[in-house]
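Colleague: Encoded as structure tokens, here's the structure I'll be asking about.
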């Protein structure tokens, strides 16, 4: 039962913050005066006489513990009145007392290595606090509620020593460095940061300079800024300055508008968070405080009438949590598609320079006073600047915004939020998926699915029979007899069978076993019920350190036995159908679950009748219940012939197994070994429900070529169960387990085996993973990335992030990480694409991720559909923009050759600006709506996604094809225009330009696979706009000639 981060964690015993369920610390009781006034007469007598309330127990028997003797005859009403004070007062003594030797005795005759008291009662009080704590010890001894089984709980404390928070509190009081001076309610002269959230990047004054600086940091924008500035030099001037300034200004306006919109949205979200209501605590006027009597420097008393869970008051230093923190985060650099496009852009720049030099070289670098050869090269660089597409980046950014909008508006994945709109294309190139388990692959909702009681198993519809047995075992018939109305159920109560179930001896035995195991599960836990009123109805919820515990208690409620009350002293169970209390127990000790012990236990004493005082310890029914992993319980329970087989069967079904046992104790047996020959009651199977459609989603992603790793903090057995049940591990796939690896030579042997078994699934724990990453980093990752599946359990958040980073650095592939909790944030931030699931563990992962989704199976649509479309659309859009600039450069080259290599412009002023903006921008941008396959087809054939990982949609091969197409079309268009009309004159420009625009519109139409109404409107509307603008192009065209065509 590993603790889960969404529940209150159970702390290991004897830790500095340990606070057992029977030894909680009340701040009120730290006051010696208050505590001493509440002491009983018997306790004061014990303090004055120095009578020892703690029997001496040999250290070798500390595993067994011991009940406190003394004051057994005290009435429960008196004890119940002082119960809280007694337990809590004892904590004050233990905190200081543990510094003294536990081997100290009254007569000094016992050796320290042999016998030692669990709680020493002979220490002379040094202060009033010591006296009141000693008084609490006397009362605690009478209650018999201080069993300590150090070896059972796997605590770090030494045997025989008892630690407590109050000891550290006293040490801190003596430590000058721990002193703090805080002025409450007085005026502060120092200005402190406001309690506001601000994620805005810009202010009204910084927006313009910062955005301009950022934009001109890009090569594209700086290149065209230099080209535009060159037009201020008469020797380099080709046309009007606006010809080159207008496209740059258009690009900057679009980009700055997007930045402004994003920053406004960030401010809007900040304002929503900052506008949440809060309460201001003021002391300047009477009645303004939360409590009318609360004033500065006044002591605050904290207490509660209920004991919930393990802790009520935490004395940790909270002031250290209030701090101002400033962090600087470095980005990962360009994304994969941008990197590929940048490499192609460098080729285009080299092509521009080469073409300019070649044209000048064909004239032999002619150098005259009027025409210097280097001036011609620079003029050619300006003419061929269209080869480097200035609008490429803004088109891609607008496309990314469109992809993000598509994802956000997709009804098939409701609630999906795109927090980073710059990386949708990376969703189409994912090759490694690193996933958390709890809350990601599973719902983090445990449900008890099966129980075995030795001869029969119950699951699904068979649970109705368990309900019938529970009714027989715990339903108390209503009678008029007052004595019968006070009767309660105990383990020794006779099981009465009814005719509806059967009266055979076998049926009675099975019914009795079912009753016993249900009772054990209803008592052996650390669950606390809480009730709330909502719409006039009472709603009961449960709090525990593990979701497994809650699942089991909910199951006992579903079969008829409900937990209605629990505090430090005891529990009450009622029969759910009648709501009548049927079982009441007194808690003598609780042994919480630890990762070392892998089990938890509880010692309880049963009430036989409803009464205010508990039965006598020497005569009442005392039972020890225990449950835990089968690996440790096998050696504890009595011999049997079915435990191993049944636990193996449940494990194959993907269930988390727990073995339940009990043992009845006498008072004398409380000082004997507990964990011996427990009666085996049954085995439970708890299922961590998988997320919806997890199995088909993992299979689809695996067929799409994505290698899936599961990184979890759970134990090996749980990780294996979920990997099998979720089909993360294929049927029949061999699981190679590496755990508790400590030697480097053994690690090398494991790696050698995995090199020859590349079809196996690797299951490795955190300890072994640390050894691999420390000493065999490259060897391990080189082997692991070849495996189809890797499951890493007991992983820390740092290890998760380290694995993600290592895969990225070694493979140079795209890595996606998905998780739902705060422990997944570092892994998500280390990934190329981070996906957070909004779950029960909060929104930390969701807020830190690039994409936020609500269920795991949404990821398949995010990758296989949206990711694939985004990448293919951006690849096609980028190559069309490059083609649009190349073809006009080819036309310019043909024209320059025809006019004897003179660097004169073919298309000037508005023609050049209009071609890149008005006449081709919208049809080319409409390609972001295209899709080559249907969504159902993409899910049916996930291999289509696998094709993208090779980068075939945008590669040097496709780039070369588009270059050849541009050269061919440009030569044909310009060559025929020069042949059909004279080279010099507006007729040739009119024919060439008109055919160039129509060619681009036809190219867009030919590349469309699935037509969208917006595409039709953009193409038809652009053509009509061009036709309508011809009368206004008289300065460039010969209109009469065009009308004759």
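Note that Cβ sites are derived from N, Cα and C of the backbone, with glycine treated the same way.
Straight out of TrEMBL:
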- 436, 437, 438, 549, 593, 627, 656, 712, 713, 714, 794, 800, 823, 824: ATP binding site (BINDING)
- 17-29: compositional bias 'Acidic residues' (COMPBIAS)
- 167-176: compositional bias 'Acidic residues' (COMPBIAS)
- 189-241: domain 'P-type ATPase N-terminal' (DOMAIN)
- 202-226: transmembrane segment (TRANSMEM)
- 238-257: transmembrane segment (TRANSMEM)
- 344-365: transmembrane segment (TRANSMEM)
- 377-396: transmembrane segment (TRANSMEM)
- 877-898: transmembrane segment (TRANSMEM)
- 910-929: transmembrane segment (TRANSMEM)
- 954-976: transmembrane segment (TRANSMEM)
- 1013-1033: transmembrane segment (TRANSMEM)
Colleague: Need the DSSP three-state call for residue 656 (ATP binding site) to compare against my parser.
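Modeller: In three-state terms, residue 656 (ATP binding site) counts as strand.
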Colleague: Is the transmembrane segment (877-898) packed against any residues at least 6 beyond its ends, judged by a Cβ distance under 8 Å, and which are they?
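Modeller: Distant Cβ neighbours of the transmembrane segment (877-898) are 337, 341, 344, 348, 352, 355, 359, 380, 383-384, 386-389, 391-392, 395-396, 399, 904-907, 912, 915-916, 920, 924-925, 927-928, 954, 958-959, 962-963, 965-967, 969-971, 973-975, 978, 983, 992, 996, 999-1000, 1003-1004, 1007.
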Colleague: Using a threshold of three or more Cβ pairs below 8 Å, and leaving out pairs closer than 6 in sequence, do the transmembrane segment (377-396) and the transmembrane segment (202-226) count as in contact?
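Modeller: Yes, these stretches are in contact.
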Colleague: The domain 'P-type ATPase N-terminal' (189-241): mean pLDDT?
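Modeller: A mean pLDDT of 81 is what the predicted model shows over the domain 'P-type ATPase N-terminal' (189-241).
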Colleague: Counting only CB pairs under 8 A, let me know which of 238-257, 910-929, 954-976 has the most with the transmembrane segment (1013-1033).
Modeller: 910-929
Colleague: Under the DSSP assignment, what numbers of helix, strand and coil residues are found in the domain 'P-type ATPase N-terminal' (189-241)?
Modeller: 24 helix, 0 strand, 29 coil
Colleague: For the binding-site residues 438, 823, work out the Cβ neighbour count at 10 Å and name the residue with the minimum.
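Modeller: Per-residue Cβ counts within 10 Å for the binding-site residues 438, 823 bottom out at 823.
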Colleague: For residue 794 (ATP binding site), what is the tally of other C-beta atoms lying within 10 angstroms of its C-beta?
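Modeller: Excluding its own Cβ, the number within 10 Å is 21.
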Colleague: Measure the Cβ-based neighbour count of residue 436 (ATP binding site), defined as the other Cβ atoms within 10 Å of its Cβ.
Modeller: 29
Colleague: List nothing but the largest Cα to Cα distance in Å, as a whole number, among the residues 436, 437, 438, 549, 593, 627, 656, 712, 713, 714, 794, 800, 823, 824 that the record says bind ATP.
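Modeller: For the residues that bind ATP, the greatest Cα distance is 32 Å.
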Colleague: Over all shown protein chains, what is the count of other CB atoms within 10 A of the CB belonging to residue 593 (ATP binding site)?
Modeller: 26
